[in-house]
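As given in Swiss-Prot:
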REGION    1-31  region 'Disordered'
REGION    244-266  region 'Disordered'
DOMAIN    581-616  domain 'EF-hand 1'
BINDING   594, 598, 605  Ca(2+) 1 binding site
DOMAIN    617-652  domain 'EF-hand 2'
BINDING   630, 632, 634, 641  Ca(2+) 2 binding site
């Protein structure tokens with residue numbers, strides 16, 4: 001018994017599912033090999049080929065049966081009487097192990113999908129069609145072979161039910177089916193016009209097949225094709241493994257535009273163009289998505305997207321519309337106050353310019369009245385606009401104005417054109433010009449251009465075409481022309497001496513500036529030597545401004561001693577460099593100078609040290625150097641003076657053992673022996689402890705203190721002139737002085753409520769450099785000056801104090817609020833006023849506590 005299924009109208013070729021099954025790990029799983037009468041070696045070969053992904057077991061079994069049939073036909077020896085492809089296919093299908101039940105023989109539903117993916121005549125399968133493929137199952141697009149009973153996909157509910165039942169097929173039923181049906185799912189066409197078509201009927205309600213777009217162009221079906229009876233084919237349900245993973249249904253994208261394929265829809269590169277001869281091999285080239293086209297990109301989508309108002313202000317600030325004002329996005333939503341403000345006096349609106357340039361059209365009656373009013377004017381009568389005036393009032397009555405011509409008619413004999421350019425040939429004009437020329441040469445001396453004058457010489461002795469005289473000199477370089485372009489006196493002036501007027505020369509010498517010299521207009525009137533100085537010479541004082549400021553004595557004046565000071569500074573620098581390069585410590589350097597070892601340096605020792613340092617000084621310069629270093633004026637240079645004036649003490653550190661150096665007193669002079677100085681002097685330290693100071697504040701390194709000369713100290717008794725100005729009790733303070741110019745902080749004008757972007761004035765509400773370098777805690781938290789001085793209500797002030805941790809009772813808060821409201825004339829209170837009141841109350845409590853203690 002067979003059941004039938006209804007197939008939809010013919011459609012273009014669509015895709016089908018792959019015969020290979022996938023495991024749960026998305027790997028290819030080799031299905032069970034049906035019993036096809038194969039040897040164990042052939043079964044192993046089939047299983048290996050399935051695992052390599054070349055062909056499915058069904059395809060391999062089908063091909064093997066075809067090979068066996070081919071060998072059987074060869075053994076039969078009848079090469080001419082070959083079976084048709086459909087018969088060969090049927091023979092190959094006879095021995096398949098077909099799963100099913102006898103009661104459900106006709107329920108030929110298969111996997112998900114349409115019945116035939118578009119109806120075809122029986123015997124013609126989707127795939128490659130050609131004479132070389134007769135009798136062979138067609139191939140799939142993505143590799144593998146398509147078999148009608150095994151790879152065709154069904155979406156019938158009967159198929160789903162059949163998959164849930166345990167199916168068992170028998171060979172007896174298969175033989176019966178094969179006897180009745182030579183080919184499953186195919187049509188035998190020996191005679192197309194005579195053979196009937198074997199179809200399968202569907203006893204269940206018709207369900208429209210789900211169309212799958214493969215990217216090929218769809219042909220428009222006619223009404224006749226739509227109304228025709230759908231074709232029906234005989235199909236068979238394949239054996240299915242109960243553990244095989246079902247193919248997932250593809251979800252159609254929900255947001256695709258009509259007529260536009262989604263970008264993820266990728267077609268095979270050979271679709272509709274070529275036959276894939278080797279489907280198991282990967283295709284060469286790049287598979288491009290066939291989604292959005294150029295036409296889709298160039299098609300404008302309507303309605304256009306609107307920019308939200310929140311982002312529109314930023315766009316209008318950067319790209320304002322034509323003729324619109326560029327408004328900063330920070331004040332784009334501010335209330336428009338400026339357009340409604342009126343500055344000055346409002347002027348009365350006069351006649352607008354538009355009505356004057358383009359007045360409104362008037363009616364015919366108004367035009368008549370206007371012409372009547374203007375007709376009385378003489379200018380309107382004698383010179384009307386756009387036409388000549390009416391001369392009828394000045395002419396006789398009854399005169400035909402149009403046909404009457406006034407004046408004497410002009411007789412036109414020859415036009416100007418004929419006079420200037422007569423209509424004659426060149427020969428006629430030349431002939432007329434030659435007539436009477438001989439007479440004109442005698443009477444008027446009228447010769448043609450270049451014509452020689454006939455002087456009527458004797459032709460026997462003189463011929464007018466002969467040349468007489470010396471040939472004119474000629475040069476091709478143009479020297480003669482250059483000479484002719486200059487006047488004769490100019491050439492003579494160039495050759496002669498340059499004569500300049502005495503008056504002009506005196507004027508230039510007196511008033512013309514000379515390079516590198518000062519202009520002296522009266523230099524010629526001064527009969528004095530060049531180095532003469534006019535006026536009385538001022539002799540400089542012995543002291544200068546520095547001597548007065550430092551309160552120096554007359555013997556210490558520095559005026560006129562520049563050379564002496566420079567020589568002393570050079571000698572000191574030479575000794576400092578010598579000590580720094582040759583000695584490691586100040587003690588070793590001082591010991592080199594102190595030859596006697598008494599802890600001081602005298603003049604002889606300093607002179608000897610200078611000679612050893614290759615510094616030769618005369619007696620005067622040596623005395624100046626010694627006097628400069630001897631600050632206490634005792635005639636000796638001690639260790640502290642030596643370190644300050646003859647060494648770089650900051651470069652040579654002070655060692656620890658140098659602090660404990662002891663110097664023995666020198667022996668007394670035998671000639672001046674007194675009773676009080678009989679014994680030797682007591683030993684003393686080389687460096688006094690009070691002369692040792694830290695090198696830097698807080699540093700562990702120590703050095704000798706810096707001593708100053710008496711002349712370097714500044715007197716505390718002098719006063720500058722600037723300190724004496726306005727140093728009068730009761731004088732006018734400087735704040736009352738008149739101020740000129742524009743102040744930096746514009747406190748003279750009130751700050752605008754809404755400031756423009758171009759307003760760069762400082763109204764006192766901006767921070768200074770100190771606030772930028774040292775921001776307060778309020779600035780770091782984002783609280784600014786306007787937040788402190790903003791007027792707030794009592795509840796808001798109470799919430800602010802509570803949030804910052806200031807706990808006040810109701811009576812205390814009322815007291816603080818009353819004190820703060822009294823500080824403003826309107827009773828307004830801000831955070832700054834509350835802070836000041838709290839500080840005043842806290843200060844008053846501290847004063848009370850100190851008084852009580």
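Yeah, the Cβs are placed from backbone N, Cα and C, and that goes for glycine too.
Cβ proximity to the Ca(2+) 1 site centre (mean Cβ of 594, 598, 605, cutoff 8 Å) flags the following additional same-chain residues: 593, 595, 596, 597, 599, 600, 601, 602.
Here the CA atom of residue 598 (Ca(2+) 1 binding site) lies 18 Å from the CA atom of residue 632 (Ca(2+) 2 binding site). The Ca(2+) 2 site, placed at the center of the C-beta atoms of 630, 632, 634, 641, has further neighbours from the same chain whose C-beta lies within 8 angstroms: 629, 631, 633, 635, 636, 637, 638. In the three-state DSSP scheme, residue 594 (Ca(2+) 1 binding site) is classed as coil.
DSSP classifies residue 605 (Ca(2+) 1 binding site) as helix under the three-state reduction. Comparing residue 605 (Ca(2+) 1 binding site) with residue 634 (Ca(2+) 2 binding site), their Cα atoms are 15 Å apart once rounded.
Counting residue by residue with DSSP, the domain 'EF-hand 1' (581-616) contains 20 helix, 1 strand, 15 coil. Taken residue by residue with DSSP, residue 634 (Ca(2+) 2 binding site) is part of neither helix nor strand, so it is coil. Looking at residue 598 (Ca(2+) 1 binding site) and residue 641 (Ca(2+) 2 binding site), their Cα atoms lie 15 Å from each other. Residue 634 (Ca(2+) 2 binding site) and residue 594 (Ca(2+) 1 binding site) have their C-alpha atoms 16 Å apart, to the nearest angstrom. Looking at residue 641 (Ca(2+) 2 binding site) and residue 594 (Ca(2+) 1 binding site), their Cα atoms lie 13 Å from each other. Secondary structure at residue 641 (Ca(2+) 2 binding site), taken from DSSP and collapsed to helix, strand or coil, is helix. With every protein chain in view, the residue among the binding-site residues 594, 598, 630 whose Cβ has the most Cβ partners within 10 Å turns out to be 594. The Cβ neighbour count for residue 634 (Ca(2+) 2 binding site), using a 10 Å radius over every protein chain in view, is 10. Neighbour counts of Cβ atoms within 10 Å were compared across the binding-site residues 632, 641; the minimum falls on 632.
Across the domain 'EF-hand 1' (581-616), mean pLDDT in this model comes to 86. Residue density at residue 605 (Ca(2+) 1 binding site): 18 other Cβ atoms are found within 10 A of its Cβ, drawing on all protein chains shown.
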